[in-house]
Each structure stands twice: as C-alpha cells, then as structure tokens.
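Encoded as structure tokens, the structure appears first; notes follow it.
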Amino acid sequence: MSWLYPITHNIPWFIRTPTIELLGSECYTNLIYDLKFDHLFCLKFGLSKLISLTIVLGSGIVKLPQIIKIIKLKSARGLSLSSYWLDSFGHIIIIAYNYRHEFPVTTYGESFLLLIQNLIIINLIIVLANHSMSRLLSLFVISIPIGLLTLTLVPNSPIPSSLLQALLTLTIPLGLGSKIPQIMINFERKTTGPLSRFLVTSSFLGCLARLFTTLTETGDWTLLCNFGLGSALNGILVYQLITYSKNQPTSHRTQSTNDVELERLTSSNGLTTPNRRHHYNNSTPKIDLNSPKQWTRKAD
C-alpha cells in the first residue's frame, strides 16, 4: 500500500495531532503513517477507538427519535418515569467514576449526551402527565441529578473515590431497577407503547460494543459487569419489540404508570394532588327497555 504514502506521510497537523493523542505515537506510526496492519495490539486498540468514537457521536442522537415521538403524540404513556430517573443516576456515577480514574473520554463520553437526553424525556413525561404540580416537579426532579453531577466533578469534591467505587458497584442493581419497570409494563400490556425501536436497538448494540472497548482500553471489571447487564436487559427489550410489534395499545384510558409515580412523588414531598376523577350525576333516570310502558303509544 505504498501508493498511499504520499497521503499518510503528509497529513495536516490539525488532523495528525489529535489522532496521535487518540492512538498514541506507536499505533499512529503503525496504522496511519506506515499502514502496517499486522501489529495485533495496535489493530485491536485502533478498532476500539473507532468504535468508541462512533458510540459517542451516535449517542448524541440515539434518544432523539424517542423525544420526537413523545412530542408528536403529545403523550408519554407507557414510558416509566422511574426508569429514566434511575438511568440518569447511573450515567452520573459512570461519568464521575471514569473522570476520577482519568480514563479516556472516549470510553464514557456518551454518558454526558445520554444524560442530557434523559433529562429532556423526564421533563416531557412530567409535563405531559397534566399533573397540577408539573412545573414544580419537573424542576425538582431534574435539579437533583444536575446537582449531584456538579458535586462529583468539582475540584476537591467531598465525595471520595472509594464511595464512587461503591456507587459504581451499586449501578448493577440500579441497572436492573431502571429497566425492569419498563420490561414489566411491556409484559403486562403486551405492547411496547411509544418505546422507540431505534433507541432500544442502539442501546443494545452500544452496550455490546462497550464490552469490547472497556476490555481493550481499561479492563475495569466493574464497568464490564455494568455493560454486560445493560446488554442483557436491552436484549430483553429488543425481544419485546419484536414479539409485540403487531400489538396496538388499547383505546380505553387507564391510569398510566407515570400518573401513579407522580402521585407517589408528590405525596412523599408533602404536595397535594387534586382528585381528577369525574363525578357524574347519578340522578339521571334509567330506561328499562324491557318494560312494556316504554313502548305504549299515547292515545291521541
């Protein structure tokens, strides 16, 4: 492949410098400058970096179809508020843990973008529930993860690294808590509602890819367990999307999971929720179609 040397040997500095920072001088020389693909370590490392960059860039749009779908339908029925809230806390812990251990940003950068999109969806779920305290709840729910993220990233943070290690371990059951409510809702209703096929499939493939990149670049077993669990749970959601793809949501209106969760949230914070049941006038006379009087013609 020597015919490509005039290109690889004259790469502009503004491309060459960040590429060397990304791959390291040795792997840059082997893979880019000399086009030697027989160096197994550099080939594996370069593939991992390429996958990592793809994941980070793709994560910026992975939940946009879900957001657009919610806005278009003007409904978040079928989506679990607690799932997105727990998932957001999981991303915060992953960001803080990787940042403290000075792991490459390419190994966890998608968590920043996914957290932002999660907060948008949480806000939509609360607002579209037409709760009497929607705005206050939205501000309260979103401010908590933002505050915690800021607290963990500031210099001289009061949160020690040992606590972050313990919290990262706890993200394994947290992952169960964030996905199982949605999985159970789907099993009960035999439909996935407005759940985005693109979102679930992308999350499943992303977790599988992260297993490879984490094993290659950091080797952190806690992170490996985390992504392994994510692959399994997202795999169940993919199965549900395939299984329930022909099922349509029922037309009758029932109290949604989000309504129940919001009522629990307001009651735990001392907020009152007005009774939204409709009261009908029970004094309306009932007509007995079997009574002969109903069919007697009045004499002229």
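Each residue, glycine too, has its Cβ placed from N, Cα and C.
Those TrEMBL annotations? Automatic predictions, nothing curated.
Noted in TrEMBL for the protein shown:
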| type | residues | note |
| --- | --- | --- |
| REGION | 267-300 | region 'Disordered' |
| TRANSMEM | 45-64 | transmembrane segment |
| TRANSMEM | 76-99 | transmembrane segment |
| TRANSMEM | 111-129 | transmembrane segment |
| TRANSMEM | 136-153 | transmembrane segment |
| TRANSMEM | 159-177 | transmembrane segment |
| TRANSMEM | 198-215 | transmembrane segment |
| TRANSMEM | 221-242 | transmembrane segment |
Tertiary contacts of the transmembrane segment (45-64) (same chain, 6+ residues out, Cβ under 8 Å): 22-24, 27, 31, 104-107, 109-110, 113-114, 117-118, 120-121, 196, 198-199, 202-203, 206, 209-210, 212-213, 216-217
Most CB pairs under 8 Å with the transmembrane segment (136-153): which of 76-99, 111-129, 159-177, 198-215, 221-242? 76-99
Per the 3+ Cβ pairs under 8 Å rule, pairs at least 6 apart in sequence, do the transmembrane segment (221-242) and the transmembrane segment (111-129) touch? no
List, by number or range, the same-chain residues at least 6 past the transmembrane segment (159-177) whose CB is under 8 A from its CB atoms? 82, 86, 89-90, 93-94, 96-97, 100-101, 151-152, 222-223, 225-226, 229-230, 233
